[in-house]
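Peer 1: Starting off with a structure, shown below.
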Amino acid sequence: MTILRHPLRFLFKPRFLYFQSPSGQSSRPFSTSQILRTALDMPPPPVDTTQRLAKLRELMAQNKVDVYTFISSFTGSAGCAIVSMSKAALSTDGRYFSQAAKQLDSNWTLLKRGVEGVPTWEEWTAEQAENGKVVGVDPSLITAADARKLSQTLKTTGGSLIGIDQNLIDAVWGDERPARPSNQITVQPVERAGKSFEEKVEDLRKELAAKKRSAMVISTLDEIAWLFNLRGSDIPYNPVFFSYAIVTPSVAELYVDENKLSPEARKHLEGKVVLKPYESIFQASKALAESKASASSGSGGKFLLSNKASWSVSLALGGEQNVVEVRSPITDAKAIKNEVELEGFRKCHIRDGAALIEYFAWLENALIKEGAKLDEVDGANKLFEIRKKYDHFVGNSFDTISSTGANGATIHYKPEKSTCAVIDPKAMYLCDSGGQYLDGTTDTTRTLHFGEPTEFQKKAYALVLKGHISIDNAIFPKGTTGYAIDSFARQHLWKEGLDYLHGTGHGVGSFLNVHEGPMGIGSRAQYAEVPLSASNVLSNEPGYYEDGNFGIRLENLVICKEVKTPHKFGDKPFLGFEYITLVPFCQKLLDASLLTEAERKWVNDYHAKVWEKTSPFFEKDELTTNWLKRETQPI
């Protein structure tokens, strides 16, 4: 199995995007368009993958492999493809059932994850590996834990798992595979990071000492960027760079292409971090393992490794006998923002809110007053141009989801100029977008209607808004997980027999990845593992989607914080949320009669704050001021 986003997309001839494995190390740029068709109105036919699969199967035969498995993750989510000598399957979750059903050609079977009676991808793979067949994976693209799990599953049907150092998808790709990017690495100054990298490294060393570990090998890109207060742009929308790192009690090593370091970055690291060639990480890991093996009995400890690190890194360090796999302490530390980072989040959300307000005012005027014919890409491009005007803007934090009508029901829809729909002023319009700013990262979704919504659309909007408000108002004891509060967002939909097939909230980085862990809010088991903590930044984004008709999602970012309560049961602190996104909800979709008095007060208080914080940007912009005044009026 290959945990990587590009192989599946290569088989399907994707658009130009970069994707990364969980550790981020095997990301490659590629060209994405045909099979990943995105329009629901007149979708082009699926790309015929017959020849690509045939080439892959030739290589499988040469490597004496009966089944080849690899993971494909869309932005912020996951899918898995498995190819045997006669069959091919794609497993994905509810966010992509509709999209995948439209995009797969006849060579592929869709495995709907979580649906009763449908096998998991591991079970399906085991079925193909019956009677001694061999399953091959690229060990650099699967975690050690996932490799062990898959191996155990295969044994139940008599199959076996082997690692293949050559990535067979790359071999099929051949010369068409673009080169790895080599963009400049810059410093995130302590004035914005809130803590020096020397302090962060020292904190990690204390963690190693407490756990009696001799070193930590770090392979997750946003962890490395955060740890060393550096930022890059090797992966679009994510300010990270291709690298590895090793931290011991006495030395910090960064494995990176030195030519990418800006003069400022070199000075930043000089005398404190040893620079090593990116490609030498596996040799260095093996040397660590050999050094441990030759050391006298009892000296040193096992190596600390993230449970998201690749199987190949674990093997280079000597495998389970030398490695302890844990949730990375860097991930935990990164998720708890310091006061400088939190203030940056608050400030960048005021500017980003102003940009979205300006965009929505422009869009309504263009569609309704001017009668302009604008497609979904035109809208996304205009929003980007508006954001660029605001201070400290670096770029988008993900592909803008600009979707009209039925396209809004595809949860992670991405419009393409050749196939996207014209924005229909008589239909719902869902816009999910975000920006990367030097002082923070944003992610906001609003659903609007420029005409006359139906009564059901207004009711569905109210149910989603009620869930959004329920999360925003939640108060819970320290130690509570996002799994425990997820139902707060869904309860109003459930009473009507409705639901949505995605999580309610994800962590967000500080001028880093717009999706980060380890915490989140959702109904999957993973959300029950890590409690929410004060100073986490998360999204609050319930939704509702009606295939072939419309989608609704309402998303703010929130800061988890300690709150005052009349009592303190068990002497435990209680936590709640502070919203930082400042964009009005759609007046045409707001039906005050469907909200309680407390909910109406929440909306009115929210809109008053939106007006207070963003209206000063539009003192010389009558169009936007009038739109904002109308959209923030009390209900």
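Yeah, the Cβs are placed from backbone N, Cα and C, and that goes for glycine too.
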Peer 1: Where Swiss-Prot shows ASP432, ASP443 binding Mn(2+) 2, which of GLU320, GLU325, GLU555, GLU562 is named for the same site?
Peer 2: GLU555
Peer 1: Please pick, from GLU452, GLU455, GLU541, the residue that Swiss-Prot records in the Mn(2+) 1 site together with ASP443, GLU555.
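Peer 2: Record check against Swiss-Prot: Mn(2+) 1 site with ASP443, GLU555, extra candidate from GLU452, GLU455, GLU541 is GLU541.
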Peer 1: Should ASP432 (Mn(2+) 2 binding site) be counted as helix, strand, or coil on the basis of DSSP?
Peer 2: strand
Peer 1: Quick one: pull the CA-CA distance for ASP432 (Mn(2+) 2 binding site) versus GLU541 (Mn(2+) 1 binding site), whole Å only.
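Peer 2: Cα of ASP432 (Mn(2+) 2 binding site) to Cα of GLU541 (Mn(2+) 1 binding site) measures 10 Å after rounding.
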Peer 1: Would you list the other residues of this chain near Mn(2+) 1 - those whose C-beta lies within 8 angstroms of the C-beta centroid of ASP443, GLU541, GLU555 - in sequence order?
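Peer 2: These residues sit around the Mn(2+) 1 site: ASP432, THR444, THR445, GLY505, SER539, ASN540, ARG553, ASN556, LEU557, THR581.
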Peer 1: What other residues of the same chain, not counting ASP432, ASP443, GLU555, have a CB atom within 8 A of the CB centroid of the Mn(2+) 2 site?
Peer 2: ILE401, SER433, GLY434, THR444, THR445, SER539, GLU541, ARG553
Peer 1: By the DSSP assignment reduced to helix, strand and coil, which category contains ASP443 (Mn(2+) 2 binding site)?
Peer 2: coil
Peer 1: In the structure shown, with every protein chain counted, which of the binding-site residues ASP443, GLU555 has the densest set of Cβ atoms within 10 angstroms of its Cβ?
Peer 2: ASP443
